[in-house]
Amino acid sequence: MTVYNFAAGPATLPDPVIKQIQAELPSINGSGMSIMEISHRSKMFDDIINAAEQDVRDLMDVPDNYHILFFQGGGTGQFAAVPMNLATKHKKIALLDSGHWATRAGDEAANLGYQVNVLASTKDQHYQALPQLNQRISANDYDYLHITTNNTIEGTAYHQLPEHGDVTLVGDLSSNFMAEQYNVNDFGLIFGGVQKNLGPAGVTLVIVRDDLVQTVDHIPSILNYNLFVKKNSMYNTPPVFNIYATGLVLKWLKDQGGIAEIEKVNRQKASLLYDFLDDSKLFANHIKASDRSLTNIPFTTGDADLDTQAITAATEAGLMNLKGHRSVGGLRASLYNAMPLAGVQALVDFLHNFEKQH
């Protein structure tokens, strides 16, 4: 039985990457040492992290005046790091509340003493559409505007970025990092965990414009962008294996033709499932059509017991981790970069048969 993993993260990795890791695990580059054993101060690892950085730069067309950094701590760690590094002038942050993770980002900044102004929210719509910024904002008032480009739990995504005037835009790209194209120049800072589209859990990518990297007092060293720039992301021991594995996924993405090509495939996968759901008499997706995510698709029968039956039957059929987030319920299919079209077709076939039986 073929197993397809629809988990929201950690998520499916490309088969060629898994096989390469398996082959190289006992001895990396003929060294006689596992990648899990080599020194982060070795030339071998220097080559690995530098290649990964260059591949990120190539894939996202990152300009020379942006730094690419490898952190630990996940996107959640950046909820603290971003305000501590960037909100140094006004100590005031604008935020678009599009769901759970945007709320978490705002709460963390507020807990650290920063003023967080929620300029728009769709909480009253159960986050089934995206909040839009319908007012002018100025860098004279805010240090930055925080958005979550893809809402993993709710299933929405900004395919067009909101207008933000001269205010620095910060994007949490955790669940659609390199799954669809964004112009890095539109952001002052981008961050996201790699464990959905780009690798195993344990690495957080940060892409930050040079003028935003400042000398900041009273900030933990492990969250200090300026220090990580100076130390080439090796202020402390980095997650060597995880960066190596992420590097392999980046090379796989290049082999697929880059982000433009992978986005075409992701749109094809998402359309396959959305088309079924829109025609279904049993299952439904309630997200505003123009705001639908390519990578996270929640749906439900409207009956909690029937949803549970569907999840159980799907698991028995090798369609794994389809349970929706506890705050939303129902089912959720995460269609990240490494999910093959065949996996989505298998899911649609299963749902079609389940509907006929119920």
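Glycine is treated like the rest: Cβ placed from N, Cα and C.
As written in TrEMBL, here are the features:
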{"type": "BINDING", "residues": "ARG41", "note": "L-glutamate binding site"}
{"type": "BINDING", "residues": "GLY75, THR76, TRP101, THR152, ASP172, GLN195, ASN236, THR237", "note": "pyridoxal 5'-phosphate binding site"}
{"type": "DOMAIN", "residues": "3-347", "note": "domain 'Aminotransferase class V'"}
{"type": "MOD_RES", "residues": "LYS196", "note": "N6-(pyridoxal phosphate)lysine"}
Nonlocal residues around ASN236 (pyridoxal 5'-phosphate binding site), in sequence order (Cβ under 8 Å, 6 or more apart): ILE222
Recorded pyridoxal 5'-phosphate binding residues, GLY75, THR76, TRP101, THR152, ASP172, GLN195, ASN236, THR237 - maximal Cα separation rounded to whole Å: 30
Nearest of the binding-site residues (THR76, TRP101, THR152) to LYS196 (N6-(pyridoxal phosphate)lysine), judged by Cα-Cα distance: THR152
Fewest-neighbour residue among binding-site residues, criterion Cβ within 10 Å, set THR76, THR152, GLN195, THR237: THR237
Arithmetic mean of per-residue pLDDT over the domain 'Aminotransferase class V' (3-347): 97
The residue listed as 'L-glutamate binding site' versus ASP172 (pyridoxal 5'-phosphate binding site) - Cα distance in angstrom: 30
Lowest local Cβ density among ARG41, LYS196, which the record lists as recorded positions, within 10 Å: ARG41
Most crowded position, judged by CB atoms within 10 A, among GLY75, TRP101 as binding-site residues: GLY75
Where LYS196 (N6-(pyridoxal phosphate)lysine) sits in the secondary structure, as DSSP reduces it to three classes: coil
Rounded Cα-Cα span from the residue listed as 'L-glutamate binding site' to THR76 (pyridoxal 5'-phosphate binding site), Å: 27
For ASP172 (pyridoxal 5'-phosphate binding site), the number of other Cβ atoms found within 10 Å of its own Cβ: 27
Spatial separation of THR237 (pyridoxal 5'-phosphate binding site) from ARG41 (L-glutamate binding site) - C-alpha basis, Å: 9
Secondary structure of GLY75 (pyridoxal 5'-phosphate binding site) (DSSP, helix/strand/coil): helix
